Amino acid sequence: MPRLFLFHLLEFCLLLNQFSRAVAAKWKDDVIKLCGRELVRAQIAICGMSTWSKRSLSQEDAPQTPRPVAEIVPSFINKDTETIIIMLEFIANLPPELKAALSERQPSLPELQQYVPALKDSNLSFEEFKKLIRNRQSEAADSNPSELKYLGLDTHSQKKRRPYVALFEKCCLIGCTKRSLAKYC
């Protein structure tokens, strides 16, 4: 008899545990309709939760798959590559075949570095090069947004803010889930 009682007690505890998990997971799917400061406060509250709940949130949304090692590149290498590409485009005596190749694909950093000595052969000093870049950027600032996009000079911060603005507008006008707010933590 005591075994049967303990078995039923264990079964009851397991059912309560499953119910509490379902209730705890439900908060993520609650729809909230907030604007302005209230929305920012809710975002801070959601992002300020304990780390285990953030980890579980990210595991539910996107299963972890190992990325290939080739995709992991330090950001300073990408910036160096972009800088070298910009410099190579302004070199006057650079062969047109190389300029065409640069526009078609993204070359690797070591591949680009072999052409950097061409800067020494050109008549363009570093100060003149900086002045040329500044002039091009000021011309682009006067241009319309489509030309800015074409030149690649539109600001990075605007690109970063776009998803937030769209989400905040949606939360204010229609409503959004706490799960969607937690994705931007």
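Glycine too: its Cβ is placed from the backbone N, Cα and C atoms.
Between CYS176 and the candidates CYS171, CYS185, Swiss-Prot records a disulfide bond only with CYS171. Its own atom aside, the Cβ of CYS176 (disulfide bond) has 20 Cβ atoms within 10 angstroms in the protein chains shown.
Counting every protein chain shown, the number of other Cβ atoms lying within 10 Å of the Cβ of CYS171 (disulfide bond) is 22.
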